[in-house]
Amino acid sequence: MAVLENEQALLEKVYFEDCPGCRVDLLKATRRGVPFRELFYVWIVVLATVIEPLHFAVHQAYASEVCRAEHQALGLSIVSIAWGIGLIIGPALGGLLAQPAEKYPDVFSKESLFGRFPYFLPCLSISIFAVAVSIACFWLPETLHMHKGCNRGTKSYENLEASTDCCDLKEKIGETDGNELDSKCSLFRNWPLMSSIIVYCVFSLHDMAYTEIFSLWAVSPKQDGGLSYTSHDVGNILSITVYAQNTILDDKHGPLILGPVMVARVSAVLSVPLLSSYPFIALLSGLKLFLTINIASVMKNVLSISIITGTFILQNNAVPQHQRGAANGISMTAMSLFKAAGPAGGGALLSWSEKRLGATFLPGVHMVFFILNVIEVIGIVMTFKPFLALPED
(Lines of atoms letter the chains of each structure in order from A and count residues from 1; the text may use other names and numbers.)
(Lines give C-alpha, C1' and ligand atoms only; values in the text may rest on other atoms or scores of the structure.)
Protein backbone atom coordinates (compact mmCIF):
# COMPACT_ATOMS: atom_id res chain seq x y z
CA MET A 1 0.00 0.00 0.00
CA ALA A 2 2.82 2.35 0.91
CA VAL A 3 4.58 1.53 -2.35
CA LEU A 4 1.43 2.39 -4.34
CA GLU A 5 1.07 5.73 -2.56
CA ASN A 6 4.73 6.54 -3.17
CA GLU A 7 4.37 5.62 -6.86
CA GLN A 8 1.35 7.91 -7.26
CA ALA A 9 3.19 10.75 -5.56
CA LEU A 10 6.22 10.29 -7.79
CA LEU A 11 4.18 10.25 -10.98
CA GLU A 12 2.48 13.55 -10.13
CA LYS A 13 3.45 16.50 -12.28
CA VAL A 14 6.51 18.34 -10.96
CA TYR A 15 6.42 22.14 -11.19
CA PHE A 16 9.57 24.21 -10.79
CA GLU A 17 9.21 27.61 -9.19
CA ASP A 18 11.81 29.33 -11.39
CA CYS A 19 10.46 27.88 -14.67
CA PRO A 20 8.01 30.09 -16.63
CA GLY A 21 6.66 27.08 -18.50
CA CYS A 22 5.86 25.31 -15.24
CA ARG A 23 4.05 28.39 -14.00
CA VAL A 24 1.83 28.34 -17.08
CA ASP A 25 1.20 24.60 -16.70
CA LEU A 26 0.35 25.04 -13.02
CA LEU A 27 -2.04 27.85 -13.91
CA LYS A 28 -3.75 25.65 -16.49
CA ALA A 29 -4.00 22.79 -13.99
CA THR A 30 -5.55 24.92 -11.25
CA ARG A 31 -7.68 27.30 -13.33
CA ARG A 32 -10.38 25.53 -15.29
CA GLY A 33 -11.99 28.63 -16.78
CA VAL A 34 -11.24 30.21 -20.13
CA PRO A 35 -7.93 32.19 -20.04
CA PHE A 36 -9.51 35.38 -21.40
CA ARG A 37 -6.55 37.61 -20.59
CA GLU A 38 -3.98 35.46 -22.37
CA LEU A 39 -6.27 34.94 -25.36
CA PHE A 40 -6.89 38.68 -25.55
CA TYR A 41 -3.13 39.25 -25.82
CA VAL A 42 -2.96 36.58 -28.52
CA TRP A 43 -5.83 38.26 -30.41
CA ILE A 44 -4.09 41.65 -30.29
CA VAL A 45 -0.78 40.24 -31.50
CA VAL A 46 -2.37 38.27 -34.33
CA LEU A 47 -4.41 41.31 -35.33
CA ALA A 48 -1.08 43.00 -36.05
CA THR A 49 -1.25 41.06 -39.31
CA VAL A 50 -3.37 43.95 -40.61
CA ILE A 51 -0.17 45.96 -40.90
CA GLU A 52 2.74 43.57 -41.23
CA PRO A 53 3.43 39.84 -41.65
CA LEU A 54 4.20 38.68 -38.12
CA HIS A 55 4.99 35.08 -37.18
CA PHE A 56 1.59 33.45 -37.58
CA ALA A 57 3.01 30.00 -36.86
CA VAL A 58 4.14 31.15 -33.41
CA HIS A 59 0.65 32.49 -32.70
CA GLN A 60 -0.92 29.11 -33.38
CA ALA A 61 1.53 27.25 -31.17
CA TYR A 62 1.20 29.77 -28.35
CA ALA A 63 -2.61 29.84 -28.44
CA SER A 64 -2.70 26.06 -28.01
CA GLU A 65 -0.18 26.13 -25.14
CA VAL A 66 -1.88 28.71 -22.90
CA CYS A 67 -5.23 26.88 -23.01
CA ARG A 68 -6.40 23.70 -21.39
CA ALA A 69 -7.41 20.93 -23.77
CA GLU A 70 -11.11 21.81 -23.53
CA HIS A 71 -10.40 25.44 -24.49
CA GLN A 72 -7.94 24.74 -27.32
CA ALA A 73 -10.63 25.11 -29.99
CA LEU A 74 -11.44 28.59 -28.68
CA GLY A 75 -7.79 29.64 -28.68
CA LEU A 76 -7.17 28.53 -32.25
CA SER A 77 -10.50 30.02 -33.37
CA ILE A 78 -9.37 33.38 -32.02
CA VAL A 79 -6.19 33.09 -34.08
CA SER A 80 -8.18 32.29 -37.23
CA ILE A 81 -10.71 35.08 -36.65
CA ALA A 82 -8.04 37.69 -35.93
CA TRP A 83 -6.12 36.60 -39.03
CA GLY A 84 -9.25 36.95 -41.17
CA ILE A 85 -10.04 40.37 -39.73
CA GLY A 86 -6.50 41.51 -40.41
CA LEU A 87 -6.59 40.41 -44.03
CA ILE A 88 -9.73 42.47 -44.61
CA ILE A 89 -9.04 45.54 -42.46
CA GLY A 90 -5.37 45.84 -43.48
CA PRO A 91 -5.85 46.80 -47.14
CA ALA A 92 -8.84 48.96 -46.25
CA LEU A 93 -6.84 50.85 -43.63
CA GLY A 94 -3.93 51.35 -46.00
CA GLY A 95 -6.16 52.75 -48.71
CA LEU A 96 -7.95 54.99 -46.24
CA LEU A 97 -4.76 56.58 -44.92
CA ALA A 98 -2.85 56.86 -48.20
CA GLN A 99 -2.65 60.31 -49.87
CA PRO A 100 -4.33 62.14 -46.97
CA ALA A 101 -3.74 65.61 -48.45
CA GLU A 102 -5.94 64.75 -51.43
CA LYS A 103 -8.61 62.89 -49.49
CA TYR A 104 -8.75 65.13 -46.43
CA PRO A 105 -7.60 68.62 -47.53
CA ASP A 106 -9.25 70.24 -44.51
CA VAL A 107 -7.01 68.27 -42.17
CA PHE A 108 -3.79 67.82 -44.16
CA SER A 109 -2.41 70.57 -46.38
CA LYS A 110 -0.42 69.81 -49.52
CA GLU A 111 2.57 71.74 -48.13
CA SER A 112 2.72 69.62 -44.98
CA LEU A 113 4.82 66.52 -44.43
CA PHE A 114 1.87 64.29 -45.29
CA GLY A 115 1.29 66.23 -48.50
CA ARG A 116 4.90 65.93 -49.69
CA PHE A 117 5.00 62.25 -48.69
CA PRO A 118 1.54 60.88 -49.53
CA TYR A 119 2.23 57.42 -48.12
CA PHE A 120 3.91 58.53 -44.92
CA LEU A 121 0.70 58.37 -42.83
CA PRO A 122 0.01 54.64 -43.38
CA CYS A 123 3.69 53.87 -42.74
CA LEU A 124 3.58 55.92 -39.53
CA SER A 125 0.42 54.12 -38.44
CA ILE A 126 2.14 50.80 -39.07
CA SER A 127 5.07 51.79 -36.88
CA ILE A 128 2.86 53.03 -34.04
CA PHE A 129 0.75 49.89 -34.16
CA ALA A 130 3.87 47.70 -34.20
CA VAL A 131 5.27 49.46 -31.12
CA ALA A 132 1.97 48.99 -29.28
CA VAL A 133 1.85 45.30 -30.17
CA SER A 134 5.50 44.84 -29.13
CA ILE A 135 4.67 46.32 -25.73
CA ALA A 136 1.66 44.01 -25.41
CA CYS A 137 3.96 41.03 -26.02
CA PHE A 138 5.64 41.65 -22.66
CA TRP A 139 2.41 40.55 -20.95
CA LEU A 140 2.45 37.21 -22.74
CA PRO A 141 3.56 34.53 -20.24
CA GLU A 142 6.43 32.31 -21.37
CA THR A 143 5.48 28.66 -21.97
CA LEU A 144 8.95 27.16 -22.45
CA HIS A 145 10.25 24.99 -19.62
CA MET A 146 13.63 26.11 -18.29
CA HIS A 147 14.56 23.93 -15.33
CA LYS A 148 17.74 25.08 -13.63
CA GLY A 149 17.60 22.50 -10.90
CA CYS A 150 15.55 19.54 -9.85
CA ASN A 151 15.57 20.50 -6.18
CA ARG A 152 13.25 23.48 -6.62
CA GLY A 153 10.12 21.64 -7.65
CA THR A 154 6.90 21.90 -5.76
CA LYS A 155 6.87 18.11 -5.44
CA SER A 156 9.58 16.24 -3.60
CA TYR A 157 11.39 13.02 -4.40
CA GLU A 158 11.75 12.10 -0.74
CA ASN A 159 9.11 9.42 -1.20
CA LEU A 160 11.54 7.57 -3.42
CA GLU A 161 13.79 6.64 -0.52
CA ALA A 162 10.80 5.39 1.46
CA SER A 163 9.86 2.97 -1.27
CA THR A 164 11.12 -0.59 -1.24
CA ASP A 165 10.79 -0.79 -5.02
CA CYS A 166 12.58 2.45 -5.78
CA CYS A 167 14.38 1.04 -8.78
CA ASP A 168 11.13 0.07 -10.47
CA LEU A 169 9.68 3.48 -9.72
CA LYS A 170 12.72 5.21 -11.19
CA GLU A 171 12.30 3.22 -14.37
CA LYS A 172 8.62 4.19 -14.60
CA ILE A 173 9.42 7.84 -14.02
CA GLY A 174 12.16 7.69 -16.63
CA GLU A 175 9.77 6.16 -19.13
CA THR A 176 7.19 8.88 -18.43
CA ASP A 177 9.71 11.68 -18.81
CA GLY A 178 11.10 10.09 -21.93
CA ASN A 179 7.70 9.94 -23.54
CA GLU A 180 7.05 13.61 -22.72
CA LEU A 181 10.42 15.01 -23.69
CA ASP A 182 11.40 12.85 -26.64
CA SER A 183 12.69 15.34 -29.18
CA LYS A 184 14.47 12.91 -31.46
CA CYS A 185 11.39 12.09 -33.50
CA SER A 186 11.57 13.72 -36.90
CA LEU A 187 8.67 16.00 -37.71
CA PHE A 188 8.80 14.97 -41.35
CA ARG A 189 8.24 11.34 -40.35
CA ASN A 190 5.25 12.29 -38.22
CA TRP A 191 2.48 11.33 -40.63
CA PRO A 192 -0.40 12.67 -38.49
CA LEU A 193 1.32 16.06 -38.63
CA MET A 194 2.30 15.94 -42.30
CA SER A 195 -1.10 14.68 -43.45
CA SER A 196 -2.90 17.45 -41.55
CA ILE A 197 -0.49 20.01 -43.06
CA ILE A 198 -1.22 18.76 -46.59
CA VAL A 199 -4.97 18.97 -45.96
CA TYR A 200 -4.48 22.47 -44.57
CA CYS A 201 -2.51 23.50 -47.66
CA VAL A 202 -5.22 22.26 -50.03
CA PHE A 203 -7.94 24.18 -48.20
CA SER A 204 -5.68 27.25 -48.01
CA LEU A 205 -5.20 27.15 -51.78
CA HIS A 206 -8.96 27.01 -52.18
CA ASP A 207 -9.53 29.93 -49.77
CA MET A 208 -6.92 32.16 -51.41
CA ALA A 209 -8.26 31.44 -54.89
CA TYR A 210 -11.81 32.13 -53.70
CA THR A 211 -10.76 35.40 -52.06
CA GLU A 212 -9.14 36.57 -55.29
CA ILE A 213 -12.01 35.42 -57.49
CA PHE A 214 -14.79 36.85 -55.32
CA SER A 215 -13.65 40.47 -55.54
CA LEU A 216 -12.95 40.26 -59.29
CA TRP A 217 -16.21 38.45 -59.97
CA ALA A 218 -18.23 40.97 -57.95
CA VAL A 219 -16.96 43.93 -59.99
CA SER A 220 -17.31 42.13 -63.34
CA PRO A 221 -20.14 43.23 -65.67
CA LYS A 222 -23.45 41.42 -65.59
CA GLN A 223 -23.03 40.24 -69.17
CA ASP A 224 -19.85 38.41 -68.10
CA GLY A 225 -21.60 36.67 -65.23
CA GLY A 226 -20.53 39.14 -62.54
CA LEU A 227 -22.46 41.39 -60.18
CA SER A 228 -21.55 44.80 -61.68
CA TYR A 229 -20.66 46.05 -58.21
CA THR A 230 -18.24 48.88 -57.46
CA SER A 231 -15.18 48.47 -55.26
CA HIS A 232 -17.08 50.38 -52.58
CA ASP A 233 -19.91 47.84 -52.71
CA VAL A 234 -17.43 44.99 -52.38
CA GLY A 235 -15.88 46.73 -49.37
CA ASN A 236 -19.30 46.95 -47.74
CA ILE A 237 -19.88 43.24 -48.31
CA LEU A 238 -16.53 42.36 -46.75
CA SER A 239 -17.21 44.63 -43.77
CA ILE A 240 -20.56 42.98 -43.13
CA THR A 241 -18.89 39.59 -43.49
CA VAL A 242 -16.28 40.40 -40.83
CA TYR A 243 -18.88 41.59 -38.33
CA ALA A 244 -21.23 38.68 -38.95
CA GLN A 245 -18.57 35.97 -38.83
CA ASN A 246 -17.29 37.23 -35.48
CA THR A 247 -20.81 37.06 -34.09
CA ILE A 248 -21.48 33.59 -35.45
CA LEU A 249 -18.08 32.14 -34.48
CA ASP A 250 -18.53 33.31 -30.90
CA ASP A 251 -19.77 29.76 -30.27
CA LYS A 252 -16.66 27.69 -29.57
CA HIS A 253 -18.28 24.31 -28.96
CA GLY A 254 -18.31 23.01 -32.54
CA PRO A 255 -14.84 21.43 -32.52
CA LEU A 256 -15.50 20.06 -29.02
CA ILE A 257 -18.80 18.38 -29.89
CA LEU A 258 -18.02 17.10 -33.39
CA GLY A 259 -14.24 16.92 -33.22
CA PRO A 260 -11.78 18.82 -35.46
CA VAL A 261 -11.92 16.33 -38.33
CA MET A 262 -15.71 16.25 -38.50
CA VAL A 263 -15.93 20.05 -38.24
CA ALA A 264 -13.55 20.48 -41.17
CA ARG A 265 -15.26 17.75 -43.17
CA VAL A 266 -18.82 19.00 -42.65
CA SER A 267 -17.83 22.61 -43.32
CA ALA A 268 -16.12 21.62 -46.57
CA VAL A 269 -19.11 19.55 -47.70
CA LEU A 270 -21.47 22.48 -47.06
CA SER A 271 -19.18 24.78 -49.04
CA VAL A 272 -19.67 22.79 -52.24
CA PRO A 273 -23.38 23.54 -52.84
CA LEU A 274 -22.87 27.07 -51.55
CA LEU A 275 -20.24 27.81 -54.19
CA SER A 276 -22.36 26.14 -56.85
CA SER A 277 -25.09 28.70 -56.17
CA TYR A 278 -22.90 31.74 -56.87
CA PRO A 279 -23.52 31.86 -60.67
CA PHE A 280 -27.26 31.77 -60.01
CA ILE A 281 -27.00 34.51 -57.37
CA ALA A 282 -25.61 36.74 -60.12
CA LEU A 283 -28.97 36.49 -61.89
CA LEU A 284 -30.62 38.47 -59.08
CA SER A 285 -30.65 42.24 -58.84
CA GLY A 286 -31.28 45.06 -56.42
CA LEU A 287 -31.93 44.36 -52.75
CA LYS A 288 -32.39 40.62 -53.33
CA LEU A 289 -28.90 40.40 -54.79
CA PHE A 290 -27.35 42.44 -51.99
CA LEU A 291 -28.94 40.38 -49.22
CA THR A 292 -28.26 37.04 -50.88
CA ILE A 293 -24.61 37.70 -51.67
CA ASN A 294 -24.00 38.97 -48.15
CA ILE A 295 -25.52 35.85 -46.64
CA ALA A 296 -23.49 33.65 -48.99
CA SER A 297 -20.27 35.54 -48.22
CA VAL A 298 -20.81 35.24 -44.47
CA MET A 299 -21.57 31.53 -44.72
CA LYS A 300 -18.51 30.87 -46.91
CA ASN A 301 -16.14 32.69 -44.57
CA VAL A 302 -17.58 31.00 -41.48
CA LEU A 303 -17.16 27.60 -43.10
CA SER A 304 -13.61 28.45 -44.19
CA ILE A 305 -12.58 29.53 -40.69
CA SER A 306 -14.14 26.38 -39.25
CA ILE A 307 -12.10 24.25 -41.65
CA ILE A 308 -8.85 26.06 -40.87
CA THR A 309 -9.48 25.87 -37.12
CA GLY A 310 -10.05 22.12 -37.35
CA THR A 311 -6.77 21.60 -39.21
CA PHE A 312 -4.97 23.84 -36.68
CA ILE A 313 -6.15 21.61 -33.85
CA LEU A 314 -5.01 18.48 -35.69
CA GLN A 315 -1.56 19.94 -36.31
CA ASN A 316 -1.01 21.04 -32.72
CA ASN A 317 -2.28 17.76 -31.30
CA ALA A 318 0.07 15.77 -33.54
CA VAL A 319 3.23 16.99 -31.79
CA PRO A 320 4.34 17.58 -28.19
CA GLN A 321 4.56 21.10 -26.82
CA HIS A 322 8.27 21.61 -27.47
CA GLN A 323 7.80 20.82 -31.19
CA ARG A 324 4.76 22.97 -31.87
CA GLY A 325 6.72 26.02 -32.94
CA ALA A 326 8.71 24.06 -35.51
CA ALA A 327 5.62 22.15 -36.66
CA ASN A 328 3.64 25.33 -37.23
CA GLY A 329 6.65 26.84 -39.01
CA ILE A 330 6.66 23.95 -41.47
CA SER A 331 2.92 24.33 -41.86
CA MET A 332 3.14 28.05 -42.62
CA THR A 333 5.96 27.52 -45.12
CA ALA A 334 4.01 24.89 -47.04
CA MET A 335 0.82 26.94 -46.84
CA SER A 336 2.58 30.00 -48.24
CA LEU A 337 3.69 28.03 -51.29
CA PHE A 338 0.13 26.93 -51.97
CA LYS A 339 -1.32 30.37 -51.30
CA ALA A 340 1.18 31.93 -53.69
CA ALA A 341 -0.55 30.10 -56.52
CA GLY A 342 -4.02 31.18 -55.40
CA PRO A 343 -4.21 34.80 -56.64
CA ALA A 344 -2.51 34.15 -59.97
CA GLY A 345 -4.47 30.99 -60.61
CA GLY A 346 -7.77 32.53 -59.52
CA GLY A 347 -7.35 35.63 -61.67
CA ALA A 348 -6.29 33.62 -64.70
CA LEU A 349 -9.19 31.23 -64.22
CA LEU A 350 -11.76 34.03 -64.08
CA SER A 351 -10.25 35.72 -67.14
CA TRP A 352 -10.35 32.45 -69.08
CA SER A 353 -13.96 31.77 -68.08
CA GLU A 354 -15.11 35.12 -69.47
CA LYS A 355 -13.86 34.02 -72.90
CA ARG A 356 -16.10 30.96 -72.95
CA LEU A 357 -19.49 32.48 -72.17
CA GLY A 358 -21.09 30.56 -75.01
CA ALA A 359 -19.67 27.14 -74.10
CA THR A 360 -22.11 24.24 -73.80
CA PHE A 361 -20.37 22.72 -70.76
CA LEU A 362 -20.17 24.97 -67.69
CA PRO A 363 -20.17 28.32 -69.51
CA GLY A 364 -18.61 31.43 -68.01
CA VAL A 365 -18.25 31.63 -64.24
CA HIS A 366 -19.89 28.21 -63.82
CA MET A 367 -16.49 26.74 -64.71
CA VAL A 368 -14.76 28.97 -62.14
CA PHE A 369 -16.83 27.78 -59.21
CA PHE A 370 -16.77 24.22 -60.51
CA ILE A 371 -12.96 24.17 -60.33
CA LEU A 372 -13.10 25.71 -56.85
CA ASN A 373 -15.42 22.89 -55.84
CA VAL A 374 -13.04 20.32 -57.33
CA ILE A 375 -10.27 21.62 -55.06
CA GLU A 376 -12.67 21.54 -52.12
CA VAL A 377 -13.68 17.95 -52.87
CA ILE A 378 -10.01 16.93 -53.02
CA GLY A 379 -9.59 18.38 -49.55
CA ILE A 380 -12.67 16.51 -48.32
CA VAL A 381 -11.34 13.20 -49.63
CA MET A 382 -8.04 13.84 -47.85
CA THR A 383 -9.82 14.11 -44.49
CA PHE A 384 -10.59 10.39 -44.60
CA LYS A 385 -8.35 7.45 -43.79
CA PRO A 386 -5.91 6.18 -44.83
CA PHE A 387 -4.58 9.58 -45.92
CA LEU A 388 -5.37 11.57 -42.78
CA ALA A 389 -3.98 9.94 -39.66
CA LEU A 390 -5.31 11.17 -36.34
CA PRO A 391 -2.75 12.14 -33.66
CA GLU A 392 -3.93 9.45 -31.26
CA ASP A 393 -3.23 6.83 -33.91
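Yeah, the Cβs are placed from backbone N, Cα and C, and that goes for glycine too.
TrEMBL labels come from automatic prediction, so no person has curated them.
According to TrEMBL, the protein has these features:
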TRANSMEM  40-62  transmembrane segment
TRANSMEM  74-97  transmembrane segment
TRANSMEM  117-140  transmembrane segment
TRANSMEM  197-219  transmembrane segment
TRANSMEM  262-284  transmembrane segment
TRANSMEM  291-314  transmembrane segment
TRANSMEM  334-352  transmembrane segment
TRANSMEM  364-384  transmembrane segment
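Counting same-chain residues at least six beyond the ends of the transmembrane segment (364-384), those with a Cβ under 8 angstroms from any Cβ of the stretch are 195, 198-199, 202-203, 205-206, 209-210, 213, 217, 224-226, 261, 264-265, 268-269, 271-272, 275-276, 278-279, 282, 307, 349-350, 352-354, 356-357. Proximity of distant same-chain residues to the transmembrane segment (334-352), defined by a Cβ-Cβ separation under 8 Å and at least 6 residues beyond the stretch ends, is recorded for 197-198, 200-202, 204-205, 207-213, 216-217, 220, 365, 367-368, 371.
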